[in-house]
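Engineer: Quick one: structure below, then a few questions.
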Amino acid sequence: MKAVKIAVAFTSKEICFYDLLSKEEFPCQYKLQGLQGAPICMDYWYDPFDPKDSILSFGDITGKVQAIAFTAAVISLFERPANACDDEEATMTIDWAELVSGCHKCCHVLQHTTHHGDWVRQVTYNASLDAFISSTMSSTNTVVLAWREKSKKLLKMTSFNIAQGIHAFDYHSRLNLIATAGINNKVCLWNPYVLSKPVGVLWGHSASVIAVQFFAERKQLFSFSRDKVLRLWDIQHQLSIQRIACSFPKSQDFRCLFHFDETHGRLFISFNNQLALLAIKNEASKRVKSHLKAVSCVLYNSHLKQVISSDVGSTVSFWMIETGQKIKQFAGCHGNAEISTMTLDANKTRLLTGSTDGTVKVWDFNGYCHHTLNVGQDGVVEISQILVLKKTILVVGWERAVTVFRPHNFNQFFIQSEEWKGGVRHQDDILCAAFLPPQTLATGSYDGEIVLWNNNTENAHHVLHPGYQRQLASMLDLEAQKLNAGRSRATHCVADQTNQAALNVKIDTEGNNAVMRLCFLEARKTNAATGGANLVSCGASGYVRFWDIFKKVLLAEFLAHAGVGSIVMSTDKLNQYLATGDPDGCLKIWNIEEYCTNSTDSKVTQTPTLLRSLQPHEDRISSLEMCESGGHLLIISSSADCSVCVTGLSNAPALIFGQASRWNIENYFSLPKRDTNLVESKIPEENMEINPLFSEEESSLDSTEESLLTEENRDNSTHTTRSSEEMNFSLKCKRRNIFKNKTHKPYYGEILQKSTSTFGSLSLRNLEELPEVKKPAFLQDPDRYFKEEPEEDESQIPELPLLSETLKAVFDEKSLFPKELLYRERQDKPLCQERNGETKIKRNKKRL
């Protein structure tokens, strides 16, 4: 009771009023007794402009809603009886019957029994409606609005009927909406004057909703479900804009109280005797978004060179890693349910998506769904990881057992799960899994335990924990022990000794050691002999741990992210680098190539070399993926800020998929220029022919290769004569080409400090000025060399006179030799014609 500085508390059929302004320890000022039913919920309202008017309302286990309206709260809540003692600090007892009868003039009672015996879970008075709102878990009269009449002492009833009932409600006066937290996993929005159906339904929770509260300034709504998932909704678009899970204390049965302090942006959630505080961050900047909703998972397809991302809106997008361009998108993959995880099959031709609707779907890259795996048995589950193996598909995330599907049964569209032969070996929900060929399977749970399995037999054999490790008996051994329990006492003694360490460790119910990610270091194949780490785990409290699964010990642990909660991680194929991301959007890249490669007597707590730390996101990093493209190591990250980013080992800023400008991934993450001021290269004169560009690893070529290079250079010298610089440069290029063919190790620029660029040792100097060159003669006197010569008169052959003219000249006596000319013409010009294979010569029989 803020206006009068009085605290109100209720017990069994009693309500006590405590004075907060008293110098003593809050004495009880009034005690209201004689109630017909025990109150279980209470609400107090006062008029901020006139504090003397206030209302205390409460509901009891009999379904009755009752309210006390005070008219002089600032002066006194109740009238002091005449026979009361003079001691002002003495507790004044008031009987409920007196209030109902109207003996106290400074207050009056309002009540109704519309709930008909159902427990009243919540009650409140709203001044803008001038009505009392109460709710129960019944399907009839679930929400009752008791409207005050003009006399202020009579009530008019209206009610909503909601299937399965509700846990709580909240009212937004500016939007004029009532939000209800349904037991049927729905959040419904109601208009107080429309009783037939809700004006909106918010889908997305996987368990019953137990609390709702409006964020009035932003027109948003908080909702909290039984599985400890907090959601923030946009009321106008009726969309979930944020989801927070696994950040609350682990408890199977709890009573939750929910309060949002809008002035300071703080959300309080109580769990029995614990209180969680969530503070709202500053308004995010207007940055590029890859998805419309929070991104839940990201993958990289090395065959197609594509990045695949999914969001809580059940959308899958495909991006080109080289340019950042979106090439296609699958919408509504699981209807309205969110996609929580994804994976690719071994051939990278099928995409598997897991959703909160309890199904895993198998897709091709054309958007066709080939199979639907019924994981939750038609129920709602939280799938955290899908692991595709050679003969099985494993799904984990919501229970203590492993759910298995066998591909040889994939002869129909809907596929049911089969029994996991190893049974239940975890004490809490399994959150992640990893596989090491040929047969080692590791699963991590919420309580911090890592169970090692033989995937072929599906039997567990060891449990690893930061505080202990123990060996597990097979299922056959357990059955044999049960049969021989009466005659084999030694077996029980051994079992007691192996479990003694586990019993001494306090059970983790808050998830401080929860294992969120597991990763085998497959590149360390020789660690069985040296005893180095070959399994990495990370999760709650920001710790990263390195394990030796052969010796079953914890070798190292270090705090990667302090004070941020659970983290995620990923490593490259060569297991040289480890990337970790936290809920604040920070990303760190570590060099683990030489970290925990040998076994030690004590646990290592020193951190590996931190190569880079940046913040590419403004919200929680949900998934990480490391890949290689164009000779560069890339880290792809997805976040709840609706973006997918890619960054490298260099200091170049992160790129966001979906940005307006396209990029060239090879040029953007190109090797930085080497700083010659930081590197001193002192080479003796007698070794000038040795290539200073290579590191020690590059310069250690085989003697046979060096001899081949020497002979080749000797042979070349017999044919051509080169300068010493040309010979040195040729030798460098040939040695570089041989090294490139010999090694398969990727080149990561600035991180390999011994490596340099190809032309790093070439000396650069100014060119000498050339002497003046005279122009050649053909340029100085072009007319002399390029003058066109006059055309020469060609001797023309006289044309012979025509035959007609010649014949005419025969009769002309002026011709000198008419007969000889005619005869010569007859002899030199025969007419030839080939007919029927014979050649006939026809003479001109023309008579002169």
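Our numbering is plain: 1 for the first residue shown, then up by one each step along the chain.
Yeah, the Cβs are placed from backbone N, Cα and C, and that goes for glycine too.
Unlike curated entries, TrEMBL annotations are predicted automatically.
Pulled the feature table from TrEMBL, pasting it below:
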type	residues	note
COMPBIAS	695-709	compositional bias 'Acidic residues'
COMPBIAS	711-725	compositional bias 'Basic and acidic residues'
COMPBIAS	828-841	compositional bias 'Basic and acidic residues'
REGION	692-726	region 'Disordered'
REGION	828-848	region 'Disordered'
REPEAT	202-243	repeat 'WD'
REPEAT	288-329	repeat 'WD'
REPEAT	339-366	repeat 'WD'
REPEAT	423-463	repeat 'WD'
Engineer: Are there residues at least 6 beyond the ends of the repeat 'WD' (423-463) whose Cβ is under 8 Å from a Cβ of it, and what are they?
Structural biologist: 250, 384-385, 387, 389, 392, 394, 396-402, 404, 469-472, 474-475, 502, 507-509, 511-520, 522, 534-535, 537, 539, 547, 549, 552
Engineer: For the repeat 'WD' (202-243), what are the same-chain contacts with Cβ under 8 Å, counting residues 6+ beyond its ends?
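Structural biologist: Hits for the repeat 'WD' (202-243): 167-175, 177, 179-189, 256, 258-260, 262, 267, 269, 278, 293-294, 312-313, 336-338, 356, 380-382, 619, 640.
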Engineer: Sort the residues of the repeat 'WD' (202-243) into helix, strand and coil with DSSP and give the three counts.
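Structural biologist: Its residues divide into 3 helix, 25 strand, 14 coil.
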Engineer: For the repeat 'WD' (339-366), what does DSSP give as the number of helix, strand and coil residues?
Structural biologist: 0 helix, 16 strand, 12 coil
Engineer: When secondary structure is assigned with DSSP, how many helix, strand and coil residues does the repeat 'WD' (423-463) contain?
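Structural biologist: The breakdown for the repeat 'WD' (423-463) reads 0 helix, 23 strand, 18 coil.
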Engineer: Using DSSP, tally how many residues of the repeat 'WD' (288-329) sit in helix, strand and coil.
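Structural biologist: Going by DSSP assignments, the repeat 'WD' (288-329) contains 0 helix, 22 strand, 20 coil.
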